[in-house]
Amino acid sequence: MTAILERRESTSLWGRFCNWVTSTENRLYIGWFGVLMIPTLLTATSVFIIAFIAAPPVDIDGIREPVSGSLLYGNNIISGAVIPTSAAIGLHFYPIWEAASVDEWLYNGGPYELIVLHFLLGVACYMGREWELSFRLGMRPWIAVAYSAPVAAATAVFLIYPIGQGSFSDGMPLGISGTFNFMIVFQAEHNILMHPFHMLGVAGVFGGSLFSAMHGSLVTSSLIRETTENESANEGYRFGQEEETYNIVAAHGYFGRLIFQYASFNNSRSLHFFLAAWPVVGIWFTALGISTMAFNLNGFNFNQSVVDSQGRVINTWADIINRANLGMEVMHERNAHNFPLDLAAVEAPSTIG
């Protein structure tokens, strides 16, 4: 018997690095997108934590009235936030080296821009990494497609909206009450509740929650018995088992009789596609709505659309919402404007004399 021995070519350091980065045997897959994702997300997370705890007040409106957002400056977990970059900076790229000092950079809200830009780059790379790992494992690419919905939403509120409004100071603050403030001001200025794309997003989120609960409860209620009454039903499943763990025919029959036959899926694959697609498409539309309202293509305006035979206005809910919008608008940035935009835009009456 003849044995043939081949000398294995030594791989270069770069080659070994490439193999390690793209290996699916690592406990956590890195991938080429991960090479960029890891430092950007670590940077965004580190700066966010430091700024949330210790950042000094920021002159968000550019009128020399700093707003405190950090814990060490009197806030708690609910009221605290990383304050957006000052309106005095606008959309300018504002890294540390562009400021005269670190104190000036902090006063103008430099950390917000640093966090947001690194975060958006990081989550986009996370989405790319999902596709990359799917590709290496021979899977279909829909995990990354589903994740594109929250990526689009984050990009809309942190980047597209500030671009449309002309300043990063209009971006969403990085905190709980700051998020609510952003939502209230957005409603006041853009009437988002009357925008059809936002309505589709609400249907996507609430509908997705309903369908998830329905699916989970149906599956849990139609498990194939593998245990006794004294054991948890969860013990009847073994990871990787070939048999079905629940009876889809029973679930289909139950739901078809509860509502009607064609309301129930008889194909597990189409069912799970629907469960994924419904909320994803809804959030896509919401992100698209935010991106159009960024350039002031706002929600429907039905104000004073119903009048009686004498021309007097009969108020509808649209008029009630409009009054609420005006109230919210006069409250925000109260020292930055003499009048809210909706009131200041009306031509002043002429006076005789």
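Don't overthink the numbers, they just go from 1 along the chain as shown.
Placed from the backbone N, Cα and C atoms, the Cβ positions cover glycine too.
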Seminar exercise, completed: Between the ranges 70-85, 102-117, 118-133, Swiss-Prot assigns transmembrane segment to 118-133
Exercise. For which of the residue intervals 29-46, 173-190, 317-334 does Swiss-Prot record transmembrane segment?
Worked result: 29-46
Exercise. Hey, which of 29-46, 118-133, 197-218, 274-288 has the most Cβ-Cβ pairs under 8 Å against the transmembrane segment (142-156)?
Worked result: 274-288
Problem set entry | Max pairwise CA distance, angstrom, over record-listed quinone binders His215, Ser264, Phe265 | 11
Problem set entry | Inter-residue C-alpha distance, His215 (quinone binding site) and His272 (Fe cation binding site) (nearest angstrom) | 9
Exercise. Among the binding-site residues listed here, Asp170, Glu189, Glu333, whose Cβ has the fewest other Cβ atoms inside 10 Å?
Worked result: Glu333
Exercise. Between Ser264 (quinone binding site) and His190 (site 'Stabilizes free radical intermediate'), what C-alpha distance do you get in Å?
Worked result: 39
Problem set entry | Positions on the same chain near the transmembrane segment (274-288), where near means CB under 8 A and six or more residues out | 142, 145-146, 148-150, 152-153, 155-156, 197-198, 200-205, 207-208, 211-212, 215, 265
